[in-house]
Ligand SMILES: NC(=O)c1ccc[n+]([C@@H]2O[C@H](COP(=O)([O-])OP(=O)(O)OC[C@H]3O[C@@H](n4cnc5c(N)ncnc54)[C@H](O)[C@@H]3O)[C@@H](O)[C@H]2O)c1
């Protein structure tokens, strides 16, 4: 039986090269899709090595979350902000024509990532269906009207917040007592900010590609969202002071959430990080040198393969609903997401205790062990 994987798509790179790459790695369960598609930012390239690394991360992530998917990644080299809707649609449809025979409801199920959204997934669904008939389960993260799941749009940010709550509880702390700095105010960062604010947390600094804002008393996140919606940027927000976005990662706070790009924490800035906790909401935001520096400083890092697994978890719920032809209400989606995220945290903690290691090593050990066990049980040669 062919493994199903979760593919996340991205389209990115400022060189304009029409790179599309996809890598698929099998799951820790016997029959399972892979996941991930992105149209990313001018700061990000879509290169085969990067895509392979992200596909690997997806594999361990789905194993850590204990959902029956493998891991895959694909993307298009472009800068979506510079394209019109019509150009984006044509690009996405042509991409789908090239990959429609490689993806499938039981082989590979694309989901949105950086620079892609529900509309992108709707175009992929429509184009795929021209070749294979109407197949809502072929993509996740699609609009609700086309079979998307309630709660999917917020899922990664909500999962980040459930993960943060589980971690803080281990230290006898809660969101409402702490100060947060958030890099990135897109899908993941804005939902995380909104939910932290709702729980009484103090979001003292936020940045995105357009600028950064700080307020030691706490930013009114609903007001900032409105400001961003109206103006398209974070500048000139009356509820805080402008700051240099390069200072966001070293801003005074208890909890830092990188929710934008990979590799942002490195040896240049790691020593100056003030946060006691880092929640890796973006994929691989901490490079290995920074990881070492931060560990020596005693900073607790919640690793990406767990912290941002809420998106793929609700993608799995969406796929299940499409296959069953039965839609869950949003409360059930959120409750199940909390159950999966909390269970995964305790599984990682158990690994850390039995192997005397940090959370990153605990998460990788959990994921790799699950894939290895499934591989051995199936009788595949290692
Ligand atoms: N969307 C998901 O479901 C999902 C799931 C898992 C992981 N992730 C990861 O989370 C991260 C963010 O994804 P997203 O879906 O929110 O993307 P997005 O495109 O919706 O938002 C990205 C945000 O990062 C900001 N940004 C870009 N460059 C920046 C810079 N130099 N400084 C500060 N901010 C900058 C952008 O302005 C934007 O606010 C990525 O690493 C992605 O791979 C996303």
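Cβ coordinates come from backbone N, Cα and C, glycine included.
Computed from a predicted structure; not experimentally measured.
Per TrEMBL, the range carrying the annotation region 'Disordered' out of 23-42, 43-62 is 23-42. With a cut-off of under 6 Å between the Cβ and any atom of ligand 1, the recorded positions 61, 73, 113, 156, 187 reduce to 113, 156, 187. The binding-site residues under consideration are 156, 187, 315. Their Cβ neighbour counts within 10 Å are lowest for 187. Secondary structure at residue 113 (site 'Important for catalysis'), taken from DSSP and collapsed to helix, strand or coil, is coil. In the shown protein chains, 31 other C-beta atoms lie within 10 A of the C-beta of residue 61 (substrate binding site). For the recorded positions 61, 73, 113, 315, a Cα to Cα distance of within 10 angstroms from residue 187 (NAD(+) binding site) holds for 113.
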